[in-house]
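Worksheet: the structure to be examined is printed underneath.
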Amino acid sequence: MTRIVLFLLTNLAVMLIFSLILFLTGIQSNTIYGLLIMSGLFGFSGSILSLILSKWIALRSVNGEIITHPRNEVESWLINTVRQQSIQKGIIMPQIAVYHATDINAFATGARRNSALIAVSTGLLENMTHHEAEAVIAHEISHIANGDMITMTLVQGVVNTFVIFISRFLSQIISNVMSSNRNENNTEEKNSFVYFLVSTFLELIFGILASIITMWFSRHREFYADASSAKMVGREKMIAALNRLKTSHEPQESDSMIAFCINGKSKSFLKLFASHPSLENRIEALYNQEYM
């Protein structure tokens, strides 16, 4: 219920901002041109802002601590491994963070491939061998080197744009049809209310359907990162790491972060909405040398 209320309030706030910007710029939202500009502007703005703030958001969400100077042998090994793999992939060494969590997990984020962050859980450092952890780090380094965070932002921005555009285009048609069949006072106010309700409903429905596209891309990102890691450190190490993930506790990271983690929630109610392939499918893909 809380999420629905927040969604409605957010949608109302976005509509008010839409109206203000369109009024100040002189763009008419009831034209295809104006609606497309509006949709693109707000479709990409949220994704781009999230990307820019991704490191800050990620660290706060897991309460991570950036490691600048190693405090023990494990952290020394971690820093050296990240440094060597960064050189291997031709990127500037990302910042390294450790966060307390019992699950075996790690993620990479950042707005640019040469200004990124890799975070690993204490559960990973405590429960994985060096060979397994090396493969996980290579997986995250591959995400950075491949520019997956930026690509994901572009995909999400395009999807958001189409969701907003189609929803509001259809809402305008529906509200116009309904108003043409009425001969009442305050038609304009009622028309705006109908437009708001219809657009909110359509954005919710199309947003759910659009997430199928972004989750499909997210799953394929994982396959390619697994394959890239296998090329870097060896297929056996990557397979061993994935097998180790089977013994992990359920991921504790927030829903907003889980898509960036190596150990995601693949057991979704519908596989179409899962951010990660199953560990079995990922292992099978490595055995069959797919995506390599």
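Using N, Cα and C of the backbone, Cβ positions are placed for all residues, glycine too.
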- Name the residue, out of E65, E73, E222, that Swiss-Prot lists for the same Zn(2+) site as H139, H143, please. E222
- Give me the Cα-Cα distance between E222 (Zn(2+) binding site) and E140 (active site), rounded to a whole Å. 10
- Message: A 10 Å Cβ contact count, applied to the recorded positions E140, E222: which residue has the minimum?
- Response: E222
